[in-house]
Amino acid sequence: MSIIIGPAIAVIACSLTLIVALLSFIGLEKFELPIAANSTLTGYPTWHIDVPGLDANRFNTILLFSSSICFFASILSFYWAYYPPHDKRLISHFYKNDSIVTSTRYFNLILANYIFFTWLSFVAYMIFDIGKLWSPIGLLCNVAEISLLACIHYGGKITAIKYWVWVLRYLIVVIIGCVWLDWPYDALWYQVQAQSIEVLLVITFIRLYFTTRRNLHEHESHLPLNTEQDNPEPSDQSEDTIPQEPSSEYPLPLSFLPQPKQLIALIFASIVHLLGDSLFLIFLNHPNAYLLGSLSYALSYGIFAYYIWLDTRCYKILPRKRIYAPETSTWKVICITIISVTVALVLSRLSCLVLALENH
């Protein structure tokens, strides 16, 4: 009975927190948000306000710098992900329930696409500015983030056809909201769903790291350590065809970074990305928030690319580099999703509060 009561209490508590966050928007007057700025090129309303004191020269320079970093990071990411090391002992594998074993190549390719779509969103931003016209490009980044989450959920590779059906439904629902809602509710609609996914990424990467570290610690005591001979392991159930060559000598190019510490890069990059977007959201009237928020993209996505390089080069202690997918019990997925939406709502409400205080 306690096995059922515990999860039920957790779901109810998270749901109540979400309801409180939603109720905080009651009475939110439209005048609390200034009039939206217009796009320089199209003249259409955007999803931000005219920021007093924002130097357009500095801001555009940072945008160009961050977009350039994302572009080159995406090229390197595709190369590192598509051409992993020939030595199979350097290839990481996802483990789920000790039965599903999948190479991380598929996950790394999704991550490379995520970086590339972010670069596309930068280009669209510099042309159209952020708004309704930009939203279809921005949604590509959100789909890539969801795909990363689904890849971890399924143990390293998305095999369920129904996933893509849900992605299509997601795109239709979000686009309808962005098109038909007026300012500021169209921006709020997009921002809440996008930031919910960002929070979910942070939580999932943290769970991924600690689940892997815990399981590796348990297995180190009774599994043979890495030697020059290839140790038998469960066969890779993925469909990846990665060229593999035996090696008589095991290279340790990064002996200071044992596996799974490369996962810390995912955590750090996702947190930097979330903090950067939060600066944009909360301090809409502050030019430094725009500058620092834009600069955070160069750091976070550069680290995402660096993770792919680390993942294919850090050494391991066990015969095969293992990354353990966290538990995906239904109640845990529900709680984590509700927490992510709640955090996004709180950040949006905090943004409205800061603007209201500054305008009075």
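Even glycines carry a Cβ here, placed using N, Cα and C.
Taken straight from TrEMBL:
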type: TRANSMEM; residues: 7-28; note: transmembrane segment
type: TRANSMEM; residues: 62-85; note: transmembrane segment
type: TRANSMEM; residues: 106-128; note: transmembrane segment
type: TRANSMEM; residues: 134-156; note: transmembrane segment
type: TRANSMEM; residues: 163-183; note: transmembrane segment
type: TRANSMEM; residues: 189-210; note: transmembrane segment
type: REGION; residues: 221-248; note: region 'Disordered'
type: COMPBIAS; residues: 230-239; note: compositional bias 'Acidic residues'
type: TRANSMEM; residues: 263-284; note: transmembrane segment
type: TRANSMEM; residues: 290-310; note: transmembrane segment
type: TRANSMEM; residues: 331-357; note: transmembrane segment
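Using a cut-off of 8 Å between Cβ atoms, the transmembrane segment (106-128) and the transmembrane segment (290-310) share at least three residue pairs, counting only pairs 6 or more apart in sequence.
Sequence-distant contacts of the transmembrane segment (7-28) (same chain, at least 6 residues past either end, Cβ-Cβ under 8 Å): 329, 331-332, 334-335, 338-339, 341-342, 345-346, 349, 352. Counting Cβ pairs closer than 8 Å and at least 6 residues apart in sequence, the transmembrane segment (290-310) and the transmembrane segment (62-85) reach three or more and so form a contact. The stretch from 62-85, 134-156, 189-210 that makes the most Cβ contacts under 8 Å with the transmembrane segment (263-284) is 189-210.
Remote same-chain residues near the transmembrane segment (189-210) are listed as 47, 135, 138, 141-142, 145-146, 148-149, 152, 174, 177-178, 181, 260, 263-264, 266-267, 270-271, 273-274, 277-278, 281, 323-326, 336-337, 339-341, 343-345, 347-348 (criterion: CB distance under 8 Å, separation of at least six residues from the stretch ends).
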